[in-house]
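According to TrEMBL, the features are:
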type	residues	note
DOMAIN	1-354	domain 'FMN hydroxy acid dehydrogenase'
BINDING	77-79, Ser106, Gln128, Tyr130, Thr156, Lys225, Ser247, 280-284, 303-304	FMN binding site
BINDING	Arg165, His249, Arg252	glyoxylate binding site
ACT_SITE	His249	active site, proton acceptor
Amino acid sequence: MPLVCLTDFQASAQERLSKSSWDFIEGGAGDGTTKDNNVAAFKKIHLRPRYLKDVSEVDTKTMIQGAEVSAPICIAPTGFHCLAWPDGELSTARAAQAANICYITSTYSTCSLEDIVTAAPKGLRWFQLYMQTNRQLNQLLVQRVEALGFQALVITVDVPMLGNRRHDLRNQLDLKSNLLLKDLRSHKGQINPMPVLQMSPIDSSFSWSDLSWVQSITQLPIILKGILTKEDAELAVKHNVQGIIVSNHGGRQLDEVLPSIDALTEVVAAVKGKIEVYVDGGIRTGNDVLKALALGAKCVFLGRPILWGLACKGEHGVEEVLNIIKNEFRTSMALTGCRSVTEISQDLIQFSRL
């Protein structure tokens, strides 16, 4: 039976992966309330289609940070892709390049940055950074990604410590037995290779005042991932970053926070068009993409669905996942009367009164 939607890939991936790998990829923090609400929140938004428009040609292209992508659907940073497929991030990067979209490479990649760039030399790539307590390591990583042609630095802000991920605790997940984080070491070997569970810890002291240091060591645009409130969005603008990814980490960090799509509106309002705003979490259909853009997102980023595709068919599975949701998005645009992403507005949606 063909896989025709993202949830088909979800079911197939679960059949193919071990229980511990599946739980790691799919699990949320706490009771999983936020993880589930991320998906459910989109269903509370209804579409208001406009008809009798010429939609014989529909253009899904858009720009993010000055670069063109084929659709406002890109790949969020997720770690440990080798859990899903032997080639891991190499397959993901090749699929992103083929689709002409952006791939945010995770600090916790299981392939080296150099190998990822070699696999997809023409791809649009950003780098996601978890700030480590070792400031030298942070600087070395930033210098490497800049030299390798990464076009933006995405700093994850919602992990001052790991969330309560019960599935991983129950499974006693031990990634260090067969995975090394190849990028948590210096390019010249000045910092020892660190197994996953012995790496430099995430810096829980990193704060707004430290952003100026990051800005001093790079020319890359800086995007903050994990913002959920207007107060933090206003601070992001004040500190001269170039973008925000509205995100609750797929429900993997603090449970019972707002679904990402519900937090999007106040963040967009707070930045007043001064910086680009993106969103991830719970996006499963082309309709979801349309709703996010109607609420002011410049682009959406997919997390778990990319890993589902990877687990099912490697590079080709990721390509299929991207093609499915891009085609669904194009259909959603046509059926609501939008010929380009610039025509998508809040007039196209209505929140449920229930």
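Cβ coordinates come from backbone N, Cα and C, glycine included.
TrEMBL: automatically predicted annotations, no manual curation.
Within 8 Å of the Cβ centroid of the glyoxylate site, not counting the listed residues Arg165, His249, Arg252, the chain contributes Gly27, Gly28, Ala29, Leu162, Gly163, Gly250, Gly251, Gln253. Counted over all residue pairs in Arg165, His249, Arg252, the record's binders of glyoxylate, the longest Cα to Cα distance measures 12 angstrom. Close to Pro77 (FMN binding site) in the fold, though at least 6 residues off in sequence, lie Ile104, Thr105, Ser106, Thr107, Gln128, Val154, Thr156, Lys225, each with a CB less than 8 Å from its CB. For the binding-site residues shown (Arg165, His249, Arg252), fewest C-beta neighbours within 10 angstroms: Arg165.
Counting Cβ atoms from all protein chains shown, Gly79 (FMN binding site) has 23 others lying within 10 Å of its own Cβ. Counting other C-beta atoms within 10 Å of each candidate's C-beta, the binding-site residues Gly281, Gly303 are led by Gly281. The local packing around Thr156 (FMN binding site), expressed as other Cβ atoms within 10 Å of its Cβ over all shown chains, amounts to 22. For the pair formed by Ser247 (FMN binding site) and Arg165 (glyoxylate binding site), distance between Cα atoms is given as 17 Å, rounded to the nearest Å.
Less than 8 angstroms from the CB of Ile283 (FMN binding site) sit Phe42, Val289, Ala292, Val300, Phe301, Leu302, Pro305, Ile325, each of them six or more residues away in the same chain.
Of the recorded residues, His249 (glyoxylate binding site) and Gly281 (FMN binding site) place their C-alpha atoms 7 Å from one another. Arg252 (glyoxylate binding site) sits 12 Å from Gly303 (FMN binding site), taking the Cα positions as reference. A simple way to gauge crowding: the CB of Ser247 (FMN binding site) has 26 other CB atoms within 10 angstroms, across all the protein chains here. The two recorded residues, Gly303 (FMN binding site) and Arg165 (glyoxylate binding site), have Cα atoms 17 Å apart.
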